[in-house]
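First comes the structure, then the notes that go with it.
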Amino acid sequence: MRSALPLVLFSLVALCGRGDCRVANAEEKLMDDLLNKTRYNNLIRPATSSSQLISIQLQLSLAQLISVNEREQIMTTNIWLKQEWTDYRLAWNSSRYEGVNILRIPANRVWLPDIVLYNNADGSYEVSLYTNVVVRSNGSVMWLPPAICKSACKIEVKHFPFDQQNCTLKFRSWTYDHTEIDMVLKMPTASMDDFTPSGEWDIVALPGRRTVNPQDPSYVDVTYDFIIKRKPLFYTINLIIPCVLITSLAILVFYLPSDCGEKMTLCISVLLALTVFLLLISKIVPPTSLNVPLIGKYLMFTMVLVTFSIVTSVCVLNVHHRSPSTHTMAPWVKRCFLHKLPTFLFIKRPRQQPSRAPQSSLARLTKSEATTTTTLAMGPTSSSNLYGNSMYFVNPGLAAPKSPVASDSAGIPRDFRLRSSGRFRQDVQEALEGVSFIAQHMKSDDLDQSVIEDWKYVAMVVDRLFLWVFVVVCVLGTVGLFLPPLFQTHTPSEEP
């Protein structure tokens, strides 16, 4: 055992003789020399005089855009805030310490400018991890702490879901003002070298700006504008396209026949479906009264159109079920809706086929009835006009005056034939009056049915007119609502 002890000591001496051990000893000695309590106090600002400004260079690196909560108006990001300044007390001559030029020191042992996120939304102002600071031999200090920031973000819902937001991250020292430190931008924009793309937002620009207040010389801050644009595919698939399809169902209302009885049911069903979508939107966007979201405007627009279709359906049904006993068709209605509008609306009314005797037959029947009535009124001598050449009970010889007791060649008394012909004339007259009544009644029914068909045709023309109005207004309204947000431009806010 004693013989092995010299060998161990020799090995330790050999290892310490290597460069690594010398460097380790040099860094340890340098750490002790720099952070000696009699020489360095991490609570004191590294300034040679009380009037000297310590310049703090800031550079933001965006690692990930975690989320944007529209309802709570909070943006969550994963950032690295690079801070650089010069501390003359941490400078050394590298030749005296084995050529050591860089030294890593725990952040709690050196002075920090206590720069925090001013527009913090969760009350946690500390960084996620207090990493070491990197100190160089010339006294320059670099600190790159990672942080999960939850910042307040004013959400503009005007163009939702085709919106573009400008969320800001404002950094400022918590205890030092502009008379003690000066915050400057190392680069005009934030870095995205290590950025992980987001599935919901596109990064448009990340400009930074230094803000001072001329009226307050002690104020200075550095603000980064996160100009982000939403990827609308999710909301297009789940909100906009279903709304458009449901709205297009309202067009079918104008194609449903009025006798179907389902026009009002379809209209109200579409209206209820749009109301459900409106309730879904209210749970996504913030409850603000400053602006109405674009999708909300579209839903309200479609709800107005569907309500209009309900009103028009009521009017069309009212016109469709009119009859001559309740309404009289005005001449301007006939002229406008039966002759002029159908041509412009590409409607051609089919030619109506008469289902009963034509008007000329009815006229001949009426004329024959009048002739028969006159003949019967004139007596038996004119009955030949009714029966043509038939001489059943009247012959030409009866025209001459004879004795009332005379008999014909058959031996039948002539007064008996006259009495028989009088009873026959009465029966025929009653039969003809019945036929005339039936003919007039059928004619009246045909006229009433023709008027009813005219009212139904007017209802169809009105329905087609409202259909074209609905389609034109729906298309123009949809294009007018969704087209402007696609070409919107956004400029960073210049407010301090």
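Backbone N, Cα and C atoms are what each Cβ position is placed from, and that goes for glycine too.
From a predicted model like this one, the values you see are computed outputs, not experimental measurements.
As written in Swiss-Prot, here are the features:
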SIGNAL    1-19  signal peptide
TOPO_DOM  20-236  topological domain 'Extracellular'
CARBOHYD  N36  N-linked glycosylation site
CARBOHYD  N93  N-linked glycosylation site
CARBOHYD  N138  N-linked glycosylation site
DISULFID  C153-C167  disulfide bond
CARBOHYD  N166  N-linked glycosylation site
TRANSMEM  237-257  transmembrane segment
TOPO_DOM  258-265  topological domain 'Cytoplasmic'
BINDING   E262  Na(+) binding site
TRANSMEM  266-286  transmembrane segment
TOPO_DOM  287-298  topological domain 'Extracellular'
TRANSMEM  299-319  transmembrane segment
TOPO_DOM  320-464  topological domain 'Cytoplasmic'
TRANSMEM  465-485  transmembrane segment
TOPO_DOM  486-496  topological domain 'Extracellular'
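Feature annotations (Swiss-Prot) mapped to structure.
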{"residue": "N36", "record": "N-linked glycosylation site", "Cβ within 10 Å": "9"}
{"residue": "N93", "record": "N-linked glycosylation site", "Cβ within 10 Å": "7"}
{"residue": "N138", "record": "N-linked glycosylation site", "Cβ within 10 Å": "12"}
{"residue": "C153", "record": "disulfide bond", "Cβ within 10 Å": "23"}
{"residue": "N166", "record": "N-linked glycosylation site", "Cβ within 10 Å": "17"}
{"residue": "C167", "record": "disulfide bond", "Cβ within 10 Å": "22"}
{"residue": "E262", "record": "Na(+) binding site", "Cβ within 10 Å": "12"}
Any idea what the model's mean pLDDT is for the topological domain 'Cytoplasmic' (258-265)?
79
Could you tell me the C-alpha distance between E262 (Na(+) binding site) and C153 (disulfide bond) in angstrom, no decimals?
48
Nearest to C153 (disulfide bond) by C-alpha distance, among the glycosylation sites N36, N93, N138, N166, is N166
Which whole-number value in Å describes the distance between the Cα atoms of N138 (N-linked glycosylation site) and N36 (N-linked glycosylation site)?
18
Beyond the flanks of the topological domain 'Extracellular' (287-298) by 6 or more, those residues with Cβ under 8 Å of it
71, 155-163, 235, 239-240, 243, 278, 281, 478, 481-482, 485
Across the topological domain 'Cytoplasmic' (258-265), DSSP labelling yields 3 helix, 0 strand, 5 coil
Quick one: pull the CA-CA distance for C167 (disulfide bond) versus N93 (N-linked glycosylation site), whole Å only.
45
Positions on the same chain near the topological domain 'Cytoplasmic' (258-265), where near means CB under 8 A and six or more residues out:
310, 313-314, 316-317, 320-321, 456, 459-460, 463
Rounded distance in angstrom between the Cα atoms of N93 (N-linked glycosylation site) and N36 (N-linked glycosylation site):
16
